[in-house]
Amino acid sequence: MGEKGVQKPLQKLFSRVRKQSNKVKTFLGVFTVLTLLVTLKLLIHEHNHFFVLAEFAHFIGILVLIYKLSTLKTCSGLSLKTQQLTATFLFVRLYCSLQIEGDIHTLLDLVTLVATFWLIYMMKYKLKSSYMADLDNMKKYVVIVPCLVIAFFIHPRTNNLIISILWAFATYIEGVSVLPQLRLMQNVKIIEPFTAHYVFALGVSRFFSCAHWIIKVYDTAGSYLSLTGGGFLWIPMLILAEIVQTFVLADFCYYYVKSVIQGQMMVRLPA
């Protein structure tokens, strides 16, 4: 009774929001994001904690997929290309991190990379029959090549040019690695719970990471954007990449929350 009592007002709220004009929906969306940012700023004082939360949320999403593949014995609805792109940016970032300075982020990346390799192995070999190869149809070079080109021209300024370019490449790939998964889900239209939980966890992860940079810029009154040590346009491009990641996943997160509030197990995407 308690859960239904909570869901009913939330269902009415979503119903009212859905009937509003696009301008009102946009205003409500911006207001919600700003409210969350202010709340995070008040609750979290150490900026580094945002990255830890982001990486932890990503790892939780990976654990959800591990549970799905190991218990249901199917990888239906999952994009192998997104997992391969995820392994790519994790591997590159881990290499760069080891060259610069190992820390808690290095450990989290290593654990997530190992788990991602396991997912790729299961999808490519053990559960190959359930993989939707025909619907996972986004070409990886469409994602990789532009990221590599941009990284060559816009990267942080360090003593090692190769590490700088590789770090930028990993950052840009991370921003668009979920695109094949979103493309597959758009082709399927109906998303089963475990895949939906995973993508929502990615959305939460990206929001924490994006919040870090926005709050960082706010706390420095915008001066952080023009740090010369970051290389020409690196900091603005980094923040832009984080914002793109967040907004790419925001639409799905809306439908995910809507489905949860309505008590639906499956997430239905619009045509």
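Each residue, glycine too, has its Cβ placed from N, Cα and C.
Annotated in TrEMBL:
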- 26-44: transmembrane segment (TRANSMEM)
- 50-70: transmembrane segment (TRANSMEM)
- 106-125: transmembrane segment (TRANSMEM)
- 137-155: transmembrane segment (TRANSMEM)
- 161-182: transmembrane segment (TRANSMEM)
- 194-215: transmembrane segment (TRANSMEM)
- 235-257: transmembrane segment (TRANSMEM)
Region pair the transmembrane segment (235-257) / the transmembrane segment (106-125), three or more CB pairs under 8 Å: no
Cβ contacts under 8 Å made by the transmembrane segment (50-70) with residues that lie 6+ beyond its boundaries: 40, 44, 78, 104-105, 108-109, 111-112, 115-116, 118-119, 122-123, 127, 194-195, 197-202, 204-206, 208-209, 211-212, 215
